[in-house]
Amino acid sequence: MKNNDTIAAIATPPGRGGIGIVRISGTNLEQLAQTILGKLPDPRHAGLFNFLDQNNQVIDQGIVLYFPSPNSYTGEDVLELHGHGGPAVMNLLLTRCLQLGARLAEPGEFTLRAFLNEKLDLAQAEGVADLIEASTANAARCAVRSLHGEFSSAIHQLVSALIDLRVLVEATLDFPEEEIDFLQSAHAVEQLASIQTKLEQVLSASRRGNLLQEGIKVVLTGQPNVGKSSLLNRLAGDEIAIVTEIPGTTRDTIRQSIEIEGIPLHLIDTAGLRETSDIVEQHGIARAYAAIEQADLVLLLVDGRYGVTKEDHSVLARLPKELPVLTVHNKIDLSGQLSRIEEDTSGTAIYLSVKSGEGIELLRTVLLKTVGWQTNIAGEGAYMARQRHLQALLHAKELLKRAETWLHTADQLEILAEELRLAQQALSSITGEFTSDDLLGEIFSNFCIGK
């Protein structure tokens, strides 16, 4: 991927619309602008221009914005042609730019150039894509915070504190005769504890943001005819799955995404789990267990008239031990019970009626609580973190935990210094201060063309 040539792309979505935008970025765009527009636009002023082809015939007329470097999105000269949003017009404008020496931009290349020219750090650049992809209002707000640098600022504060501690440890290594007293007088233990506390706070906010971005996979499982498909329909507010009195009606996984308080939930209805000689149903049951392996949470539905049966215990025994399970006692309208939540050492159980709707709101609340979402603070203060961010934060947390041990071992300060260095490196990878070219290519390849 070259970074010193001129790139162009249609920056608006495919299809017809009132406005379409062709974006161009590069060095010395004056000649290209004068050729297409007849003259160079005034910087940072919206102007009305004719867009000209190679024969000086008008392709379209629209608004032009010109941002000379370095005061632009990419840090290079940027020209935006705002025309009528028809595919033919947009393609003619883009073709004209390519005729004049620009090349078609690769996905995410405008934002990559912004990163390389230090207009954005890597976390902010990812915030651009996350804002575009946000599916809920809370997710969009979190993405804006990342784009504005709040997540990066928190990471930079951690890195700065780590650097201060590393300087202290490295100085101690250079003057071994001062070793123990020097570390104690500088309160190194307290410094490390403070960093660990702040890291835990950032990790918590990042986990909440990750929930907003990726949502949670919730698998509905249990014996046939306990109300799994009916619950899917009730939560989705639509007749997504076929419901009958015939056991084994659901033969395949049925997926539906919903939103609860801004959190995307990806519901997966599965075939009823039982012993069967039906080949098709057996395949459905195999798919049910495969879906469970990928789940963040399992709802085990049981018939509230009979409670958790021997067959239900057999299902529970096959579930991954670390997987959160919420037992849902359905059909309380038939058993005369009241909707409620029960929690004990065996986990959480909720009693409801899918048919009447009694207890459904309780279920919504418990779903969020089970996955660690704090309703009272919603998305406030959350960072739109990706899986790579969480992995880096968790790796840094583990390294600092090991560093805590070595800090109390005066003859192992070299290992302590290395653990702190690696923790700093892990955190710096989030903002791109320590990042491989392969990772950059993977991140930006998932962006839109034109962004």
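Just so it is clear, glycine is given a Cβ too, placed from its N, Cα and C backbone atoms.
Now, the feature entries from Swiss-Prot:
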BINDING   R23, E80, K119, K451  (6S)-5-formyl-5,6,7,8-tetrahydrofolate binding site
DOMAIN    215-372  domain 'TrmE-type G'
BINDING   225-230, 244-250, 269-272  GTP binding site
BINDING   N225, T244, I246, T249  K(+) binding site
BINDING   S229, T250  Mg(2+) binding site
From binding-site residues R23, E80, K119, S229, the one whose Cα lies nearest A271 (GTP binding site): S229
Between R23 ((6S)-5-formyl-5,6,7,8-tetrahydrofolate binding site) and K228 (GTP binding site): CA-CA distance (Å): 49
Other CB atoms within 10 A, centred on S229 (Mg(2+) binding site): 24
Cα separation, N225 (GTP binding site) to K119 ((6S)-5-formyl-5,6,7,8-tetrahydrofolate binding site) (Å, whole number): 57
Collapsed DSSP category at E80 ((6S)-5-formyl-5,6,7,8-tetrahydrofolate binding site): strand
Inter-residue Cα distance where the pair is E80 ((6S)-5-formyl-5,6,7,8-tetrahydrofolate binding site) and S229 (Mg(2+) binding site), in Å: 50
Pairwise Cα distance for E80 ((6S)-5-formyl-5,6,7,8-tetrahydrofolate binding site)/N225 (GTP binding site) [Å, integer]: 59
R23 ((6S)-5-formyl-5,6,7,8-tetrahydrofolate binding site) in three-state DSSP notation: strand
Across the domain 'TrmE-type G' (215-372), average pLDDT on the 0 to 100 scale: 84
Largest tally of Cβ atoms lying within 10 Å of a Cβ, found at which of the binding-site residues E80, K228: K228
DSSP three-state assignment (helix, strand or coil) for K228 (GTP binding site): helix
Length of the line joining the Cα atoms of N225 (GTP binding site) and R23 ((6S)-5-formyl-5,6,7,8-tetrahydrofolate binding site), in Å: 56
